[in-house]
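Asks: I'd like to ask some things about the structure below.
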Amino acid sequence: MPALVLIGAQWGDEGKGKATDLLGGAVDYVVRYQGGNNAGHTVVIGAESYALHLIPSGVLRTDCVPVIGNGVVIDPGVLLSEMDGLQARGVDVSRLLISADAHLIMPHHRALDRVTERYLGKARIGTTGRGIGPAYGDKVARTGIRVQDLLDPGIFRQKLELALREKNQVLTKVYNRRRIEVDEVVEEYAAYAERLTPHIADTGLLLDTALREGKVVLLEGSQGTLLDVDHGTYPFVTSSNPTAGYAATGAGIGPTRINRVIGIIKAYTTRVGAGPFPTELDDKVGEELRRIGGEFGVTTGRARRTGWFDAVIARYAVRVNGLTDLFLTKLDVLSGFDTVPVCVGYEINGQRTDEMPMTQTEFHHAKPIYVELPGWHEDISGVTRFADLPEAAQAYVATLEEMAGAPVSAVGVGPGRAQTLVINELI
């Protein structure tokens, strides 16, 4: 069986956890392929809500194997805390597999992330301060420490000593911060190694074998398309590639194994942190969207910026990711509006464009061009068939589909597992 990819089609927080959980019942493996604990998924099952940061949402399905791929950067302390929290709630985490090739977030990564962000002042990007960027930086610089190094204490110490020789110079002499002691880190990470060793595996080989045997593999991205380090609103982006092109690399499988790419997209738009946001609503309407939609970060708790649906970035996401399907979430949040504006293009320096601007300078100056669509006032959270939605809601979905250029195959009308209207089967 081929693999399928699930990605965020906006600035993250689109509802990927809900989508992954829904599809999890039909897949054998769910693989996280990039990012770190700087993002979060929320999955609601009945009266229970689960916030996941590193562990793939598939862990909540007993017949599904959750995998953390080689493209992820892992803070082992955070991972173990998340595992313990799930275990305490009766969730079996023994099936979790971790790629030996994934990189570790170290104490010096967190320290440098926090102090650098403070040093930048008003020019700061708005990172979570969890060390993700510095960890990816060391990976590219070939000075990183990987999960497999936990299996060899001698190699781990050798790599750590080499890393801290430089990092401590920066921390103490540039930022006037305390040096990080090798022995303390070795002791801390040895305890992590003891607990994580049973979960470490050659996950790329395992997944390729599973695909050859006809198993279904779901590749789950974190964050969103507009936060991609190459294709996002740089420099206000994450340090990895959430887009579909990285899914195979970050999971350790060949790209020809993938035949479907599903983009998760909200019925409106949100963003966390700094950076351009053409449709942002800095008014009472924006506050209302935030309140009704519960728009606060799973990882940071920060209030999300809110705005109307942006068809320009939707088209961009379809193009950059090669999306075959859209999964529209939070349609229920828009109930109660007389009309719902949708951004169909931008005005930049007096000129109209319907496509993503080539430069970030242009994007910063983009003014949204709206069309007003009829709204609806009915509560749609209990609707179980797309055909039973109010006509205006159906028309809204159809319009977004046409503007984005990809079929809407599922619609979320609430946070629960059962609150999803499937239009086209995704698996």
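The backbone N, Cα and C atoms fix where each Cβ goes, and this holds for glycine too.
Annotations per Swiss-Prot:
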ACT_SITE  ASP13  active site, proton acceptor
ACT_SITE  HIS41  active site, proton donor
BINDING   12-18, 40-42, ARG304, 330-332, 412-414  GTP binding site
BINDING   ASP13, GLY40  Mg(2+) binding site
BINDING   ASP13, GLU14, GLY15, LYS16, ASN38, ALA39, GLY40, HIS41, THR128, ARG142, GLN223, THR238, ARG302  IMP binding site
BINDING   VAL298, THR299, THR300, GLY301, ARG302, ALA303, ARG304  substrate binding site
Asks: Have a look at the binding-site residues (ALA303, LEU331, VAL413) and report the one with the fewest Cβ neighbours inside 10 Å.
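Replies: Selected from the binding-site residues ALA303, LEU331, VAL413 on minimum Cβ neighbours within 10 Å: ALA303.
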Asks: Do you know offhand how many angstrom separate LEU331 (GTP binding site) and THR128 (IMP binding site) by C-alpha?
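Replies: On Cα coordinates alone, these residues lie 28 Å apart.
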Asks: Let me make sure I understand the structure: which of the binding-site residues listed (GLY15, GLY40, GLY301) has the fewest other Cβ atoms within 10 A of its Cβ?
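Replies: Ranked by other Cβ atoms within 10 Å, the binding-site residues GLY15, GLY40, GLY301 bottom out at GLY301.
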Asks: For the C-alpha pair, I'd like the distance in angstrom between GLY12 (GTP binding site) and ASN38 (IMP binding site), rounded off.
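Replies: Counting only the Cα atoms, the answer is 11 Å.
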Asks: Sort the recorded positions ASP13, GLY15, ALA303, VAL413 by C-alpha distance from ASN38 (IMP binding site) and give me just the closest.
Replies: ASP13
Asks: Least buried of the recorded positions LYS18, HIS41, ARG302, ARG304, going by other Cβ atoms within 10 Å?
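Replies: Result for the recorded positions LYS18, HIS41, ARG302, ARG304: minimum number of other Cβ atoms within 10 Å at ARG302.
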Asks: Give the helix, strand or coil assignment DSSP yields for THR42 (GTP binding site).
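Replies: For THR42 (GTP binding site) - judged by DSSP and reduced to three states - the answer is strand.
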Asks: Find the shortest Cα-Cα separation between VAL413 (GTP binding site) and the recorded positions ASP13, GLY40, ALA303, and name the residue that gives it.
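Replies: Smallest Cα separation from VAL413 (GTP binding site) among ASP13, GLY40, ALA303: ASP13.
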Asks: Between THR128 (IMP binding site) and GLY301 (substrate binding site), what is the CA-CA distance rounded to a whole number of Å?
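Replies: Cα of THR128 (IMP binding site) to Cα of GLY301 (substrate binding site) measures 11 Å after rounding.
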Asks: How would DSSP class ALA303 (substrate binding site) in three states?
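Replies: Reduced to three states, the DSSP call for ALA303 (substrate binding site) is strand.
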